[in-house]
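Novice: To start, I am sharing the structure in question, which I have written as structure tokens.
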Amino acid sequence: MANCLHLWYLMLLVVDAHIRYLPGLPPVYQRHGDLTLGIVVPVHQYDADLICSSSIRELGSLQRVEAMVFAIDEINSNSSILPNHTLGFKLLDDCSKDTTALVRTLHFIQRTDNETYGSDNLAAYHVAGVIGSESSRNSVQMADMLSIFKVPMLSYISTSPVLSDKNVYPYFSRMVPSDVLQAKAMVDMLNHFRWTYISVVYAEGSYGTMGFQAVKKRVEESGSCLAVTREMRQSFTDKDYDHIIKELLDTRRAKVVIVFSPLSQARKLLKSAERNHATGNFTWIGSDAWGRNIQDYNGIEKAAVGALTFKFYSPAVEKFDNHFKYLTASNASQNPWIKEFISAHFKCSFNDSATVSKCNNSMNFVPGYKPEITVSLVMDAVYAYARALHNIISTCGEAMTSPQDCVNGDIMVKTLRNITFEGAHGDVGFDEFGDGEATYELQNFQFVNNTYSLQSVGYWDSSKKTFTEFHPNEIRWNTADFKSPVSTCSDPCDTGYQAVVTQPHCCWYCQKCRDNERTVMREGLAKCEICPKAGNFTWPDAENKTQCELIPPTIVSVNDFTGVLIVAFAIFTFLITIVTTVLYVLNNKERLIKASSRELSYLILGGVFISSIIVTLFLVSPTDAICTVTDFGFHMSFTFSYGPLLVKTNRIYRIFTSGKKSKKRPPFIDSKYQIIFAVVTILIQIIIVTVSTIIHPPIAVTQMPSLAEPYVEITCKIPEVGFLCSLVYNLMLVLMCTFHAVKTRKLPDNFNESKFISFCVYTTIVLWIAFIPTYFTTTKTTYRAMFLSLAMLANSLVTIFFLFLPKLYALYRVSVEKQHVAAATSTLRTVTNDNRRLSNLPKPNGIQVVGSAKVSPVV
């Protein structure tokens, strides 16, 4: 393009003559004045083969042409603008074709002052500036050429973003903003309705292509994506348009289609939709180049119903409408195309014809008149030039002989971009890029009460870059349920599922969340988010799976089966212990009770009492105090049971071992020493527990053993070192008891208390072997509390049944006369003598059988 432009420039410099006239160009609509404006607008339709088609455009084109003439007449009759000077115009038709528009610029860049329009030469016009063109594609061609020759150009409707580049188009300005803002307005609307999967059909050329690029950028920035994107060329046939419609139908989830094109191509696309029975399948979003007027929808109403189109807010100019609708072939004879428009509008002919009626010079546009909405923009463009020229001439020196001498391209552009005034369409002004400010009006094409109409449903301010008004409830949708269409690649996932994004990025499939995950929305997509986290004990709500609800802590309670079972066993154990203790106290003076080391027995019973009380604390919600008491009580209950038992078994073992060697009484076998030894074993445990509690006191904590299960518990956090030390100490006591029980297992039946001790110790070992791995491998505190309680109660019952019930049985079931309880010295003598006889081996502290009763010797 640049090389071609420079070639034109060199040709004009070398040949100081007229450019050759191109046959087929339409006539010029002109009026002379002291200052002249060049105007290039589309009057005829596009023709791919000819420089200009013979087919006239819609009536709106004539309205825009006459609006410029009307504005110039107003200015010339207004003494406050350009006083003593008249404004003329050269109005040219670009035939809706970019190459023709480029040819039209040649009228304004020739150096000759000859303005004749000869048969061989292209006329040259000296103009202060050019208004045009309507199409961005054509404006780009014109601006390329005019910028080289420093001819100012002002478009009333060209919106291509490329024209904002002042390095390339320094002399181009426009009344409206760039399509970059229109694209933002479109995407703002798409986001409002949550349309994330859309198609775009656009026209070739700078307007359609650059508009598409702006829309694509905005769509991608918003996180949405494009389904079908197709370019429409001016040379397309009906078959080509049908192919586009079929592609759109193949992507049925994209219900919204943006059409960024001039009116002619948009109409052909919608006609193809009707041919392919696609009416009602899509919601069309129109750019500002089509759908502005109700007459734009003639013949395509069924396909276009529900369409949403953007246009620049441009209110009707009543004074112009009253002027235009009374134009006739007689009073507008200066307009070279008036008869063509009348013929096309009324479907008549000014020539004799057998197929259509004859037109007459009195026909006007009053019947069914509909205003053209861009008229105010067109008139404001003329006024902008007039006001700029007024300011330039007002400051021009008196030495200038002609007002044209005051005007050049640089001064004109600078002055034009600095003016501001209240125009027919609103405030007129320009930014640093020469772009004007405007308000986009969003219109909805509706069918209400058997009538087609355009309803305004919103306004988007280009300066505020947001909707200042939006009324979505007033939109009439062309859908089966008359509701807003859904234009997404995938359906929203149900609660409890997350969207796994595929390609394109707005498409996904739904994947079930895990049990501990809720569904949250992130960037418009359903995602799984885990509820329970460190210090946050929550779980998804069962109904919607969208909220994280606190999990109530689980504790062993008297209200559940486990709690009832523990309480029942604890009461049973406590009652048996009470009964046993009472019976022991009542028979405290009996020789049988004395012979069984009653002081140690009471200590053992104390351990059983502690166990039955401590287990009930497991049913209380843990606190720091409860944790400290239960930890202390657990360890001390075993120590109270097995510390004295160890002392007792050790005493029996020493008496039996000493009797084998001599008749000498073993040392420290008196009751006072036994009590001292038992107290020492208990004190050691007290010291261990106390030190560990001081260093690392037990605390109550809330915890969730597994994040995959809705289970929260309040448990006691007991320091492992202290717990293990106390546990190891108790195990040592049990193992030492076991050692002595094994050593005394062969005592004769008349010394068989050791057998019951052995049974007690063996059973305890079995309980511990079953308890320890079960307790430490269980993750739930409720189960731990149950196992620990049952183990402690079972151990207490074993102690009662094996160590105390035999004594009580002998006490109450064997008569006193038959209870032969020996003294300690005689027992030792018996053991010494029996060591010489293998048939009757005595065991210290065993129960001596007298008749059918078993009695214990006094030791």
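Cβ from N, Cα, C; glycine included.
Annotated signal peptide per TrEMBL: 1-19, in sequence order. The transmembrane segment feature in TrEMBL is assigned to 561-587, 599-620, 632-653, 674-701, 721-742, 754-776, 782-805. Per TrEMBL, domain 'G-protein coupled receptors family 3 profile' is recorded for 562-811.
Tell me about the surroundings of these features in the structure.
Specialist: Counting residues 6+ beyond its ends, the transmembrane segment (561-587) has Cβ neighbours under 8 Å at 593, 598, 601-602, 605, 608-609, 611-613, 615-616, 618-619, 782, 785-786, 789-790, 793, 796-797, 800, 804-805, 808, 811 in the same chain.
Among residues of the same chain six or more beyond the transmembrane segment (599-620), those with a C-beta under 8 A of the stretch's C-beta atoms are 555-558, 563, 566-567, 569-571, 573-574, 577, 580-581, 584, 593, 626, 629-630, 633-634, 636-645, 647-648, 671, 674-675, 678, 682, 785, 788-789, 792-793, 795-796, 799-800, 803-804.
Here the transmembrane segment (632-653) has Cβ contacts under 8 Å with residues 597, 600-601, 603-604, 606-608, 610-611, 613-614, 617, 669, 674, 677-678, 681-682, 685-686, 688-689, 693, 726-727, 729-730, 733-734, 736-737, 740-741, 743-744, 753-754, 757, 760-761, 764, 788, 792, 795-796, 799, 803, 843-846, 859 of the same chain, all six or more residues outside its ends.
Packing against the transmembrane segment (721-742) from elsewhere in the chain are residues 631, 635, 638-639, 642-643, 645-646, 649-650, 652-653, 681, 684-685, 688-689, 691-693, 695-696, 754, 757-758, 761-762, 764-765, 768: each is 6 or more residues past its ends and has a CB under 8 Å from a CB in it.
For the transmembrane segment (782-805), the list of distant contacts is 554-556, 562, 565-566, 569-570, 573, 576-577, 580, 584, 601, 604-605, 607-608, 611-612, 614-615, 618-619, 634, 637-638, 641, 645, 713, 715, 756-757, 759-760, 763-764, 767-768, 771, 774-775: same-chain residues at least six beyond its ends, Cβ to Cβ under 8 Å.
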Novice: Taking the domain 'G-protein coupled receptors family 3 profile' (562-811) alone, what is its mean pLDDT?
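Specialist: Value for the domain 'G-protein coupled receptors family 3 profile' (562-811), mean pLDDT as a whole number: 82.
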